[in-house]
Each structure stands twice: as C-alpha cells, then as structure tokens.
Ligand SMILES: *Cc1c(COP(=O)(O)O)cnc(C)c1O
C-alpha cells in the first residue's frame with residue numbers, strides 16, 4: 001500500500017498533518033483477527049471501537065449483505081419503505097426497553113445523539129415551554145458533531161476551541177464509586193444539586209448508563225443511574241440514555257440500563273448495531289414523546305438524512321440482531337468477564353498501574369503515566385495484538401467470540417508494555 005500517500009494526504013481520527021503517526025495497513029479480517037499487509041496476524045482487542053462484536057467476516061452478516069446488495073443497496077426513505085427497515089426496527093423494539101415504541105434511523109452515533117437532543121427540544125417547544133439546556137456528566141462522551149460535543153466532557157473535547165459557537169450546557173460531577181464497590185450516597189449530590197437548581201431550563205438529562213466510554217472508561221454504580229431516573233421523574237424531565245457503546249450485550253446485559261432496572265425516555269444506539277459492518281444508528285423513544293413532538297408547531301420531527309434507513313445497513317443490522325437474539329452473547333460475555341475478574345485484576349500489582357476496572361467484555365487499565373503512542377502501538381503489533389490506548393488508559397473490549405487463548409495473548413502484550421518504560425511518557 002502507498003503509505004507515503006496516506007501519511008501525506010489522508011487525515012485519520014484525531015491526527016496531525018505535521019507529525020502523522022504510523023498507520024498499519026490491514027488487508028483483511030476474519031474472526032478475531034486482523035491481517036496486516038506484511039502478513040502479521042493480530043488478535044483484535046478493540047472490536048473496531050466497540051462495533052465488531054461477532055468478529056469479522058461473519059458468514060451470516062456477509063450473506064445478509066450479499067443478498068441485499070443484489071436487490072438494492074439504497075433507496076430514499078422519504079415516502080418509501082422497505083423490508084430491511086421494517087425488520088430491523090421490529091427486532092430493535094423487541095429487544096429494547098419495553099416503553100420505547102418509535103424508532104428513528106440515523107447514520108452514525110453522533111447523529112443519533114443530535115436527533116435525541118432535537119427530540120427533547122421539540123418536545124418542550126410543543127408543550128409551550130422554552131427549555132434549551134441539557135444536564136449531563138463530566139467525563140462523558142457523546143460524539144464529535146457540535147451538539148453531541150456540547151454535552152461531551154468540556155476538557156476532553158476542548159470546548160475552549162469552539163467558544164462562542166458551542167452551546168453551553170450543565171455538567172454535574174461524574175460518580176466516583178466503582179460498579180463493584182459499595183454505593184456512596186454522596187456520589188449523587190452534585191447531580192441532584194445541579195438538577196434542583198436548573199430544572200426549569202433543562203430539556204433533558206443525557207448520559208451514558210453505567211460505563212462512561214471515550215471520556216475516561218469509568219464504570220459506575222447502578223444506584224447512581226437509578227437515582228437519576230427517580231430525579232428525572234420527580235422533576236418531570238426527559239432522560240436520554242446513550243447506549244451507543246454499551247448496547248447489545250457489551251456490559252453483560254443487553255442494555256446497560258438493565259443493571260439499574262431503569263428505562264429511558266429516549267435511547268441512542270449505534271456502533272455494534274450492524275455488528276461493525278456499516279454505519280447505522282437509531283434513536284428510540286416513547287409514543288408519548290413522539291406524539292408530543294409531532295403535535296407541536298412543526299407538525300413532524302424535523303430531521304431526515306439522505307441515507308436514512310439505508311437498506312444495506314438495515315439488512316446487516318437485522319442479521320446481527322438475529323445473532324443477538326440467540327443469546328449466545330450472554331455466555332460469551334460472562335466468560336470474558338470471568339477472565340478479567342481472575343486475570344486482569346492481577347495487573348494492579350504493577351507499579352505503572354493505578355487502577356484496574358472491568359465489566360462484561362470491557363477491561364480497563366488506568367496507568368500513572370500517559371502512553372507513548374508510537375512505541376506502545378509498535379510493541380502491541382510486534383506481540384501480535386491490536387490495542388489502541390489513549391492517554392492513561394489501556395483498555396480492551398474484544399469481540400464476544402474471543403477465546404481464552406486470544407484473551408491471554410492480549411493480556412501478555414499488555415504485561416509486556418507495562419514492563420517497557422519506553423511505552424510511557426514519564
Ligand atoms: C462512539 C460514541 C458516540 C459517537 O458515535 P459515532 O458513530 O462515532 O458518531 C456517541 N456516544 C457514545 C457513548 C459513543 O461511544
């Protein structure tokens with residue numbers, strides 16, 4: 001591959017044109033493995049950012065894509081409908097929290113979040129109340145488009161760069177207590193305070209249930225979420241749950257909100273929706289929210305992407321949800337969680353390690369020093385694994401089909417990195 005061209009002309013996520021880092025050329029992927037041009041076989045620890053939950057090149061997903069592409073890959077969704085959209089929405093509603101009745105299909109996670117915020121704003125507009133603030137948590141992540149970024153952690157997403165353009169919302173402290181520790185009542189105090197103080201301006205609360213992903217890989221206590229739901233009910237506020245990372249079994253429950261036994265008013269899903277094949281997301285809501293929105297001045301929900309309900313993506317998503325419906329993921333994710341509980345926690349004895357956290361098929365090592373990206377990436381590739389850390393976080397969320405031998409390989413590589421001072425900026 002022409003890596004020089006790539007380096008000189010192609011932007012990768014969060015990269016500099018002045019100091020582009022090495023990119024590794026992947027030619028194909030199969031099961032839990034990525035294959036490099038040089039012939040290396042890497043065990044994937046990232047599921048391509050939470051998405052490839054069933055592994056790569058899956059026969060059932062391939063079949064769904066092939067069959068659909070021979071019929072039509074795309075057709076507009078305005079005034080037209082098709083079987084793949086009906087199938088995927090039916091299956092989504094059968095899996096999602098039972099109060100959700102309406103599905104809006106969108107093209108990426110960030111757009112699903114934008115849609116959820118617009119729904120909340122239109123909801124209050126229709127009720128004749130002007131409410132334009134959102135309450136969220138520090139260390140959250142909801143995407144890179146503007147509205148999504150405005151409710152993402154202000155420091156991590158560098159709100160200062162966009163000051164004057166970015167709307168300002170309300171941030172409560174994120175819970176400190178770990179999922180596995182005792183609940184500490186003071187963890188909800190700041191949230192309760194901010195909500196009580198500002199509730200008349202707040203259109204909705206938006207947060208990631210149980211696991212805060214890209215904003216810090218924090219895994220918090222279900223009691224926090226339970227109390228958030230109670231407070232939203234008490235003050236009559238909408239609760240938007242962003243399950244774009246956590247949805248479809250990743251945390252050991254089909255949706256992370258099930259850990260707290262709560263239901264959202266609006267739910268965002270994406271990432272693993274197509275098993276990592278294509279970009280597709282969805283925003284689900286209740287009949288009440290949908291009907292209120294549509295009873296307002298606009299008379300409809302004001303959004304409609306060109307590639308809305310893309311049949312190819314819908315048919316693959318539909319096949320992925322069939323695999324989910326077999327419930328194999330439950331034993332697979334449990335097996336990975338048990339492995340983390342036994343093996344990953346031992347990493348706490350390393351001097352470089354500050355804390356180890358895990359839940360379901362998510363394993364996180366927080367280090368004292370930030371990683372030296374170029375070096376640690378090269379070491380991981382040399383050790384035959386694909387792990388992409390950031391800052392002080394080395395984390396893995398492998399495909400559900402990963403076997404102990406694959407998980408062992410991932411942990412051996414992390415061990416080796418922790419023993420290599422060049423992998424960290426001191
Ligand atoms: C990845 C992610 C998003 C954004 O999804 P994109 O598909 O990258 O736009 C939003 N929320 C959460 C929790 C995510 O993990």
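Note: Cβ is positioned from N, Cα and C throughout, glycine not excepted.
Taken from TrEMBL as is:
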type    : residues                : note
BINDING : 49, 141, 271, 304, 388  : substrate binding site
BINDING : 109, 110, 242, 305, 306 : pyridoxal 5'-phosphate binding site
MOD_RES : 271                     : N6-(pyridoxal phosphate)lysine
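Feature map: annotations from TrEMBL on the structure.
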residue : record                              : contacts (Cβ under 8 Å, 6+ apart)
49      : substrate binding site              : 271
109     : pyridoxal 5'-phosphate binding site : 143, 244, 268, 270, 271, 281
110     : pyridoxal 5'-phosphate binding site : 142, 143, 144, 145, 148
141     : substrate binding site              : 152, 153, 156, 157, 208, 212, 213, 214, 215
242     : pyridoxal 5'-phosphate binding site : 113, 116, 142, 206, 207, 208, 209, 268
304     : substrate binding site              : 77, 78
305     : pyridoxal 5'-phosphate binding site : 106, 107, 111
306     : pyridoxal 5'-phosphate binding site : 76
388     : substrate binding site              : 46, 377
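Contact annotation for binding-site residues (242, 304, 305, 388) versus ligand 1: 242, each with CB under 6 Å from a ligand atom. Taking every pair among 49, 141, 271, 304, 388, the residues listed as contacting substrate, the largest Cα to Cα separation comes to 34 Å.
A coil conformation is recorded for residue 141 (substrate binding site) in the three-state DSSP classification, outside any helix or strand. For the recorded site, residue 388 (substrate binding site), the DSSP three-state label reads coil. Taken residue by residue with DSSP, residue 305 (pyridoxal 5'-phosphate binding site) is part of neither helix nor strand, so it is coil.
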